[in-house]
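Engineer: Relevant sequence annotations retrieved from TrEMBL are reproduced here:
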DOMAIN    A:18-466  domain 'NADP transhydrogenase beta-like'
TRANSMEM  A:12-32  transmembrane segment
TRANSMEM  A:44-61  transmembrane segment
TRANSMEM  A:67-86  transmembrane segment
TRANSMEM  A:98-117  transmembrane segment
TRANSMEM  A:129-150  transmembrane segment
TRANSMEM  A:170-188  transmembrane segment
TRANSMEM  A:194-214  transmembrane segment
TRANSMEM  A:221-240  transmembrane segment
TRANSMEM  A:246-265  transmembrane segment
Amino acid sequence: MSQFLPEAIQSFLPNVIQLIYLVATGFFIVGIRRLGSPATARSGNQLASIGMLIGVAVTLFDQEIISFEFIVAGVVIGAAIGVFAAKKVQMTAMPEMVAVFNGFGGGASALVAWGELARLNPTMFDTQSLITTGLSILIGSITFTGSFIAFGKLKGFIGGGRIALPGQNIINLVLTAVALFLVGWFTIDPANQVIFWSLFGLALLIGVLTVLPIGGADMPVVISLLNSYSGIAASMAGFVLGNNLLIISGALVGAAGLILTNIMCKAMNRTLTNVLFGAFGGGEEGPSAIGDSDKTVQQTFADDVAIQCAYAKKVVIAPGYGLAVAQAQHVLKEVANLLENKGVEIKYAIHPVAGRMPGHMNVLLAEADVPYDQLYDMEEINPEFASTDVVLIIGANDVVNPAAKTSPGSPIYGMPILDVDDADRTIIFKRSLSPGYAGIDNALFYSDKNQMFFGDAKKSLQELATAIKELD
Amino acid sequence: MEDLIFNLFIFVLASFIGFELISKVPPTLHTPLMSGANAISGITLIGALIISGATGGAFSHWIGFAAIVFATINVVGGFMVTDRMLEMFKKKEDDQ
């Protein structure tokens with residue numbers, strides 16, 4: 001669009017564009033900063049989107065851009081799909097959505113590097129551009145296919161368990177080494193089509209093979225990691241184009257993804273290596289000592305739960321993904337309201353891996369109008385269980401399993417959990433005694449402080465709400 | 001090679017800023033943070049614009065076009081869905 005500007009301005013244009021990119025960078029940094037507190041988060045996201053708009057708008061004035069047909073068509077199609085997806089998606093499906101968006105972001109970065117290579121004569125590229133083109137294609141392609149496999153796993157199209165060839169880990173390591181070698185070769189001989197396509201194809205394959213063996217329970221880690229990759233891929237594309245805005249924004253996202261990956265690993269007491277190459281997480285390898293006949297559980301019903309809660313001083317609710325699957329968040333909120341009207345103090349205990357991605361449970365409860373100041377992180381709520389009368393555990397299992405503290409042989413041993421057994425009474429809402437997502441039996445079921453309220457979470461909560469109303 | 005080193009400085013410094021900014025985010029906001037960051041990674045759209053609009057063959061224009069579609073889905077969808085989530089976060093006072 002630069003041709004519409006007066007010639008006097010045109011000579012300054014490249015510098016002006018760079019300076020406006022700097023402004024956009026500022027918007028991103030302040031935006032992410034404001035995402036750090038619930039009160040300012042929405043404005044933070046809006047600032048970041050304004051930064052993006054500024055960056056895109058000013059790029060259209062780049063003197064290199066001479067035709068707009070493809071740009072207009074691409075933006076219109078992409079925006080239409082984006083708006084449709086963002087409006088339609090259920091909050092429970094947020095991990096899938098983020099995975100898909102991630103995949104598109106990573107794919108776009110790989111395409112940008114490829115496009116730049118196709119546009120110019122590869123022999124004109126200097127070494128730095130060639131290395132980063134190779135890396136951009138490698139990381140972007142891994143992100144692309146990896147994200148779509150993660151999507152398929154979350155959706156249940158692909159088995160949640162471990163799908164692996166024998167020696168899968170060694171195969172993956174060898175393939176990654178070969179891919180890096182191909183990046184090197186490509187740098188030396190960029191015009192060689194065989195090398196280029198081998199690199200591209202291998203990168204796509206690595207994305208599939210590394211995510212495929214990872215169990216469903218580890219998906220929060222994988223999504224965080226892929227998020228980081230998509231940022232790094234954008235950064236690499238920035239190196240190729242010599243564009244600071246891309247380098248900086250990509251680095252910010254890469255850092256964000258790495259931090260979240262680290263938090264998720266800690267929450268599950270796993271190392272990243274263990275998630276990527278370990279066997280646990282699929283379920284079928286859990287111990288089979290489930291439902292031993294000599295262990296007994298106490299069963300309870302809505303009327304009794306209603307009385308125990310209504311006369312309690314403090315009730316803590318520990319929700320898990322099962323709550324969201326049963327679509328029971330709104331009924332839960334109703335129960336909480338009824339109890340609050342009776343003067344009961346209500347808090348929600350949120351384990352970091354309560355949902356299918358970091359912070360997922362908080363979003364699901366926010367959707368049901370639970371105020372965020374009632375949501376407590378694990379570290380905040382754990383000291384409070386000792387002074388809690390009743391804990392309602394709904395659709396959660398592994399995150400309250402005392403085996404994580406007591407049995408060194410358990411696959412979840414060492415994982416930080418909600419210390420619900422410190423409370424006077426725990427009540428587990430569950431369909432049956434079946435084990436959780438990780439496939440491990442739960443000793444809490446058989447504790448004499450615990451009662452089981454069997455049934456579908458939503459139906460049970462509806463019964464509970466009715467029972468509390470009848471107490472008046 | 002000087003460019004590469006200069007760009008590496010920018011990359012590393014920006015990563016440090018990212019670590020500083022994000023380590024302060026409370027777990028409550030991790031999902032919106034991730035989807036917001038995800039939208040920002042769609043910044044690669046800028047590169048896509050140049051490739052599909054600049055001189056080059058039809059082939060590179062088509063690659064650029066695909067990149068624009070992908071990146072725009074990422075950007076537009078990402079920011080919108082983040083806004084949808086954050087709209088739901090309310091304090092107790094304005095609950096009613």
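Glycine is treated like the rest: Cβ placed from N, Cα and C.
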Engineer: With an 8 Å cut-off on Cβ pairs and a sequence gap of 6 or more, do the transmembrane segment (A:221-240) and the transmembrane segment (A:98-117) reach 3 or more such pairs?
Structural biologist: yes
Engineer: Given a Cβ distance threshold of under 8 angstroms, which distant residues of the chain, six or more beyond its ends, lie next to the transmembrane segment (A:194-214)?
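Structural biologist: Result: 110, 114, 117, 134, 137-147, 149-150, 153, 158, 162-164, 168, 171-172, 175-176, 178-179, 182-183, 185-186, 222, 226, 275-276, 281.
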Engineer: On the 0 to 100 pLDDT scale, where does the domain 'NADP transhydrogenase beta-like' (A:18-466) sit on average?
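Structural biologist: Mean per-residue confidence for the domain 'NADP transhydrogenase beta-like' (A:18-466): 86 out of 100.
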Engineer: If we skip the immediate neighbours and take only residues 6+ beyond the ends of the transmembrane segment (A:98-117), which ones have a Cβ under 8 Å from one of its Cβ atoms?
Structural biologist: 85, 125, 129, 132-133, 136-137, 139-148, 150-151, 154, 190, 196, 200, 203, 223, 226-227, 229-230, 233-234, 236-237, 240-241, 250, 357
